[in-house]
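**Q** Pulled the feature table from TrEMBL, pasting it below:
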- K162: active site, for sulfotransferase activity (ACT_SITE)
- K162, G163, G164, R165, R166, R242, S250, K367, G368, R369, P370, H371: 3'-phosphoadenylyl sulfate binding site (BINDING)
- C350-C362: disulfide bond (DISULFID)
- 153-392: domain 'Sulfotransferase' (DOMAIN)
- 62-81: region 'Disordered' (REGION)
- 95-135: region 'Disordered' (REGION)
Amino acid sequence: MAPPAPAGAHPTSAEPLSRSIFRKFLLMLCSLLTSLYVFYCLAERCQTLSGPVVGRLGGGKEAGASGRGVPAGGPGEPAAWPAAARGKRLLQVQPWPRRRPLAPREDGEVAAWEEEPPGLAGSPGGSGAGSSVAETPPGTLALLLDEGSKQLPQAIIIGVKKGGRRALLEFLRVHPDVRAVGAEPHFFDRSYDKGLAWRDLMPRTLEGQITMEKTPSYFVTREAPARISAMSKDTKLLVVVRDPVTRAVSDYTQTLSKRPDIPSFESLAFRNRTAGLVDRAWSAIQIGLYAEHLERWLRHFPARQLLFVSGERLVRDPAGELGRVQDFLGLKRIISDKHFYFNQTKGFPCLKKAEGSGRPHCLGKTKGRPHPEIDGQVLRRLRDFYRPFNRKFYQMTGHDFGWDG
Ligand code: A3P
């Protein structure tokens, strides 16, 4: 039997109980503080806690003439992050320093296609993800913590439909200094009346990051050049172009997948098939008249502000094409061969690590789908039809895309 408690003392059972409650409370407090600290560290803020202010690295022009964060540089300055921007990052004791590992080693290793990573063979969609990459790009944590600010886009992928725009955007998003809207905002064609509240659609960006959007119909929208120029004459414009005949078939394939009852490609492509009279009013044909659309853009933008990405080369050599794009945008060349592998099943290049998920990622099923077979004579007639427009386009851009070979 237990001895009786001395007079005046608390009952023995109460003491361990309150102590255990207190201990549990302390434990909870400790784990809460630890979690907070870990979260803080994940956000890489630890570095700013006691970090010394570092001296300026060098002179140079301020990043982006517009002051909206487009790094200076261009085709002539491929790998240079503007010195001033670099210095600024260090000098400011950044509230939000670079959150992501930067360039993979640029030691030239792995130049060609790599073999499919194990576990992916047989899965046409790679990771199985859809055509839009996870919406957790560079600024996810910044967003959570309400960091960064929304900017109007400094670069826009303006076209063309079925050229390979999704591939370009998803590949570009791997870059830590690119933030892009996932969906197509259609601001300059459909929602212009809403005013620049449209900026709210943009992701937050940090200093030095580029805000991008893609809306393919801009390239063929009459009002778009003037409207974009009114927003900023410095906007950089990217157009993914592809052999207009293949593009037209791809366009038709997309419509057919949604409305299987539409007439055949052959009947839609001609106003008079016997006479070989192509129906250039049909949008699938019209979009491919690149030279005509480009003329309108050149009335509002100097040629140096437009970059034409080859849709064919984007498939054959995505890293090479992305190299040109990074130079054009004044970005450090970070996206390289090391980021891609060729998925045999899909028949297209895929990302080894998608932005946000870190897992291999191919574009979704609606990208790279088989086309219906089209009468060879029809295709030949269309090639003849497009030839003069293509030639003019090559002259205007100074680049032979090889569609008439
Ligand atoms: P197809 O589906 O006709 O083959 P957009 O994104 O502008 O709609 O373009 C779609 C086209 O992008 C596809 O047309 C496909 O050929 C091309 N493409 C380019 N790179 C690709 C990739 N890595 N994966 C899938 N499709 C790609």
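Backbone N, Cα and C atoms are what each Cβ position is placed from, and that goes for glycine too.
I'd like these features described in context: how deep, what's nearby, how far apart.
**A** Annotation for K162 (active site, for sulfotransferase activity): spatial neighbours R242, R247, S250, D251, Q254, criterion Cβ-Cβ under 8 Å with sequence separation of six or more.
Around P370 (3'-phosphoadenylyl sulfate binding site), the C-beta neighbours below 8 angstroms that are at least 6 residues distant in the chain are T253. Under the DSSP three-state reduction, P370 (3'-phosphoadenylyl sulfate binding site) is assigned to coil, being neither helix nor strand.
C350 (disulfide bond) falls within a strand segment according to DSSP. Counting every protein chain shown, 27 other Cβ atoms lie within 10 Å of the Cβ of C350 (disulfide bond).
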**Q** Quick one: of the recorded positions K162, S250, P370, flag those whose CB is under 6 Å from ligand 1, and say none if nothing qualifies.
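**A** Close enough to ligand 1 are K162, S250.
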**Q** Take the C-alpha atoms of C350 (disulfide bond) and R166 (3'-phosphoadenylyl sulfate binding site) and report the distance between them in angstrom, rounded.
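**A** The Cα atom of C350 (disulfide bond) is 12 Å away from the Cα atom of R166 (3'-phosphoadenylyl sulfate binding site).
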**Q** For G164 (3'-phosphoadenylyl sulfate binding site), what is the tally of other C-beta atoms lying within 10 angstroms of its C-beta?
**A** 27
**Q** Enter the number of other CB atoms within 10 angstroms of the CB of R166 (3'-phosphoadenylyl sulfate binding site).
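**A** Here the count is 21.
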**Q** Quick one: largest C-alpha distance among K162, G163, G164, R165, R166, R242, S250, K367, G368, R369, P370, H371, binding 3'-phosphoadenylyl sulfate per the record, in angstrom?
**A** 18
**Q** State the mean pLDDT for the domain 'Sulfotransferase' (153-392).
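**A** Mean pLDDT across the domain 'Sulfotransferase' (153-392) comes out at 94.
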**Q** In whole Å, how far is C362 (disulfide bond) from G368 (3'-phosphoadenylyl sulfate binding site) when you measure between their Cα atoms?
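**A** If we compare the Cα positions of G368 (3'-phosphoadenylyl sulfate binding site) and C362 (disulfide bond), the gap is 10 Å.
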